[in-house]
Amino acid sequence: FVYLVEGAAGFGTPVALAAPILASFGFEPVPVACLCLVMDGLETTFGAVGTAMFFGFSPIVDAGLFSDAQLVNSALRIAVINWIASLFVPIMALKFIFPWSEIKKSLVYIYLSIFSCTAVAVAFSTFSYNFPTLLGGVIGLGVTMALSAYNVGLHPCKTIAEIEREKRADGDSFDEALLKPEKDVEANTAVEGKSKFVGPPPPAYKYSSFAEIEKGVSFYDIMVNSFPIWGTVVLLVLTRVEQIGLNSKLQALDPHATIGLGTLGELRISASLNLTWTNILLQPDAPSWNFAVLFIPWFIPFIVVSGLTLILHKDRLDANVRWFTPFSEALRRMKNPTIALAGATTLAALLTAGGNQSPANQLGTVVSAALQEGWVAITVLIGGLGAFFAGSTTVSNLTFGSVQLAAAENLGVNPSSMIALQSVGGNLGNMIALGNIVLVKAVMGTVSHVPEGVFVKKNIHIAGAYLLMATAAGFILLFAIDSRVPVTPM
């Protein structure tokens, strides 16, 4: 589910959706929040239909320093590292809610569910960086639903909270257990007259049988309700698969009309709505700006699918809700990410300006020359720090992608592998990113009083394990595998 939502929307949306849903099932709010933060951090390397890749590394791609083929090569390496991480990270995250004694009962179910998602992501990453997360999530969720429906490897499990309640209530009457404090009352809460007491256990979530679900839902209902998912996938396939032919047409620069902007340069608008700004400030050597309106994934598929969804579900809209309300709400939520991306894009442009004398090239060259192979030991950490402060793998890649590329060239190693390590560092940072923690606190009112440091402390050991694994994978990639595998050309 997290793979699917991240692949379709990105920007921490899986946390905002999954955490409240799991909490509504009766799971403890803080462990649920920690679980969702970790799991969301496991797939941010691709972002929404590859945004973290094609936009995050756009400065070095647009400058001709890194090719699209190399980006696909990086995507494969990222997917393999994520697959390795999926062997232990989800289990560590589950231990927030379930004890190991309960988790091991359903290991077959857990790993079948995980591999149905991550293996598909690896397969799609061999030729695209747009589809791994989205289609891995779609197929993985479908397989997981089938495994659940037919009870394959799935066993009832008691949560840590349930086991603790049973131990606490053992030997007491219900009233005595109800009135017994969960822990000693702290001085400040005693003064305020507030205390946390053990109440009756929340009712266990009762899953409907497959027969009951099947009986009440028609195939038409399933198709209409799932349209936002499969509609997005269909449009992405139509516009991304080169053999179909729409890919090149949506990016065509000719025929075009030219609009003079005076000293600001020239704006070209092609028949496919491809915008190109050239001769900026009347400087022929100045870099041009290009925006493929119909190819960049915003109007197609998201706005198109959103509009069609409103039409399909117009009967479900509240009478007091106007048709444009969802769009205005989306624009409101985009405010902060847009500001962050604008700042990161500006910083990335400044870091890469100046060619060989650019700050990014100087930083990557000088520091990597001093550390030599030791640079690899901090590559993932650099990507993680960028995502930790920004709450976005895309912003981290925008900021440090050029630095990592300069370091790779200076060390004489495969740049695709170095860029892959930068990107997987984003996973590490997102697990403990302050922005993501604030988001989960906002959508779950029950944890709004919990300090951000509590979540960081709970997740830091998983982030540390991921850092060690990814760094080890980086050394193996750069100095063992890449020495035997031909480097993808520009």
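The backbone N, Cα and C atoms fix where each Cβ goes, glycine too.
Database features (TrEMBL):
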| type | residues | note |
| --- | --- | --- |
| TRANSMEM | 15-38 | transmembrane segment |
| TRANSMEM | 45-66 | transmembrane segment |
| TRANSMEM | 78-98 | transmembrane segment |
| TRANSMEM | 107-127 | transmembrane segment |
| TRANSMEM | 133-152 | transmembrane segment |
| TRANSMEM | 217-238 | transmembrane segment |
| TRANSMEM | 291-312 | transmembrane segment |
| TRANSMEM | 375-398 | transmembrane segment |
| TRANSMEM | 419-440 | transmembrane segment |
| TRANSMEM | 460-481 | transmembrane segment |
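Note: the stretches the transmembrane segment (78-98) and the transmembrane segment (217-238) are not in contact (fewer than 3 CB pairs below 8 A, sequence gap of 6 or more). The stretch from 107-127, 217-238, 291-312, 419-440 with the most CB pairs below 8 A to the transmembrane segment (45-66) is 419-440. Long-range contacts of the transmembrane segment (133-152) within the same chain: residues 1-8, 43, 46-47, 49, 108-109, 112-114, 116-118, 120-121, 124, 207, 210, 229-230, 232-233, 236, each at least 6 residues beyond the stretch ends and with a Cβ under 8 Å from a Cβ of the stretch. Taking residue pairs at least 6 apart in sequence, the transmembrane segment (107-127) and the transmembrane segment (375-398) share fewer than three C-beta contacts under 8 angstroms. The stretch with the most CB contacts under 8 Å to the transmembrane segment (15-38), chosen from 107-127, 217-238, 291-312, 419-440, 460-481, is 419-440. The listed stretches are 107-127, 217-238, 419-440; of these, 419-440 has the most Cβ pairs under 8 Å to the transmembrane segment (460-481).
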